[in-house]
Amino acid sequence: MALAQGLVTFGDVAVDFSQEEWEFLDPAQKNLYRDVMWETYSNFISLDLESRFKTDTSSSDKGICEVYSLQWELIEKIKNLSPQGSGLSDDQECKHKTGLQKEPQEGYFGQLKITSEKVTYEKHSFLSEYQRVQNGEKFYECKECRKTFIRRSTLSQHLRIHTGEKPYKCKECGQPFRQRAHLIRHHKLHTGEKPYECKDCGKAFTVLQELTQHQRLHTGEKPYECKECGKAFRVHQQLARHQRIHTGEKPYECKECGKTFRQCTHLTRHQRLHTSEKLYECKECGKAFVCGPDLRVHQKIHFGEKPYACKDCGKSFRICQQLTVHQSIHTGEKPYECKECGKTFRLRQQLVRHQRIHTHERPYECLECWKTFSSYSQLISHQSIHVGERPYECEECGKAFRLLSQLTQHQSIHTGEKPYECQECRKPFRLLSQLTQHRSIHTGEKPYECKDCGKAFRLYSFLSQHQRIHTGEKPYKCKECKKAFRQHSHLTQHQKIHSGT
C-alpha cells in the first residue's frame, strides 16, 4: 500500500464492512469486530504523534475534509458499536491523525511498520482470524513452556515472562513493564486521570476494561464459564486462574526453594517469607504485613467496619471472602473433594490443608527455629512466640493473646456461647475445631496414619504423641529431677511426686 512518505491514516489500517456484509455477521463476530476496532484505534491515539503532523497551509479546509472523511466515518462507526453508545471524547476524535513511529506496533490484523522511509502494512482477514479463534487453533508455540498462541504478538509478549524483559519504562518513576498497554495504564496513576465512570455508582477507572469488568458487579453477568465444573466468572483472568485448579498447572516458581504457585501474587507473597520483608505498615498501630490485603483486613479492626452482612442470619464480616465462606454453612455446600479419601470440604483451602495429611507436606518454615508447618496461619501463630507480642487483650479479665482469633475463642468462655452444634447428637461446642474433632467419633474416621506401624488416629495430636514411641523423643522435662516424658500429662502426673500431692 503506497502512501505519502511518513503519513498513515486510521482508514489505512482499519478493516471495514459494507452494510450488506455487516448483516451476514453473527453477534459474536460483531462483538469481536468492535473490540478489534477499539484496539486498533486505541493503538493509534496512544502513539501520540499528532504533534509531528504538519498541515499544509496551502490546502483548503475543504481539501483536508475530503482527505480525512474516511477516518471520521470509521470513528463514528466505532462510536455506534461501543457498549456505551459513545466512547470517544472530543480530544480523542482529534487524535486520529498519525505521523512517524520508530518501533513496530502489533495488533489483531497484522503488523504495522511505520518508518521515515516507507510504510508497509500486512492485513490478515478478519473472518479467518475469527474462525481460528472459534476452532481453537493455536499456531505459535513457546519453546520454554510449550504454551501455544493464536497470534505472534501474543507469543512475543508471553516470552518476556521467561526472559524477564521489560522494555517499556515509566519516565516518572522508572518502573518497567512487559507490555506498552501496561505502561499506559500505569502512567494514569501519576496523572490521576480516570476518564471512565460507572453510571450506577459513580466510581471512576483509568481504563475502559476495568469499567466493563466493574459493571458486571451491578448486572451480575459472569460470561466466562469453566468447562470442567461449570463455575462462571466476571473476568477472563479469574477463569484462567481457576482452570489451573483442574490442570494442576503451577507456572510460577520460587528461585529460593523451588516451590511453585498457580498465581504470580502467591509467589510474590511467598518470596517475602525468605526476605522477611513486610512492606505494608498500619498507620494506627505500626504493625507491618507481608501483603496489602492482610493490611486492609487488619485496618478494619481499628475502624470496627464490617460492611458485608449475611442475608440469612444477619451476621456481618470485615471482608467479602469471610461472608462467602460463612454462607456455605447455610447452604451446606461442600464442592471440594479429596481424591485420596473422598472427604469433601466447604473451602478449597481446607482441601489443600487436608491433602497435606496424605502427603505429609509441611511447606512453611520458621526462619528463627526452622520448625515447619502445614499451613501459613500456623507459621504466623508460631512466629509470635519469638517476638513475645500479645496485642489482643480481653476486656473482661485482661488476658492477652497473640492472635485475634485466640481472643475471640477466649471471649466465648465469658459469654458461655457455644455456637457449634453436632447434628448427630446435638452436643454444642465453643470452637469449630472442637466440633470437627467430635464428629470423628460418630464417623469413626481416622485419617492420621503412622508411617512406621500403620496405626491410625482420629486427631493429628494423637499421631504426634504416638510417633514419639518410634523416635524416642521426650520433650517434656521435669525441672526438679530432669526426668523426661513423651506426653505433657505424664509430666504433670510425675510432678505430684515432688509436691507430695
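Cβ atoms are placed via backbone N, Cα and C, with glycine included.
Remember, it's a predicted structure, so these values are computed and weren't measured experimentally.
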30-52, 53-75, 168-190 - the one Swiss-Prot records as zinc finger: 168-190
Correct range for zinc finger (source Swiss-Prot, candidates 106-128, 336-358): 336-358
Candidates 168-190, 308-330, 392-414, 420-442; stretch with most C-beta pairs under 8 Å toward the zinc finger (364-386): 392-414
Long-range neighbours of the zinc finger (224-246), counting only residues six or more past its ends (CB under 8 A): 213, 216-217, 262-263, 335, 348
Tertiary contacts of the zinc finger (280-302), as residues 6+ beyond its ends and Cβ separation under 8 Å: 265, 268-269, 272-273, 318-319, 391, 404
Segment confidence, the zinc finger (364-386), expressed as mean pLDDT: 76
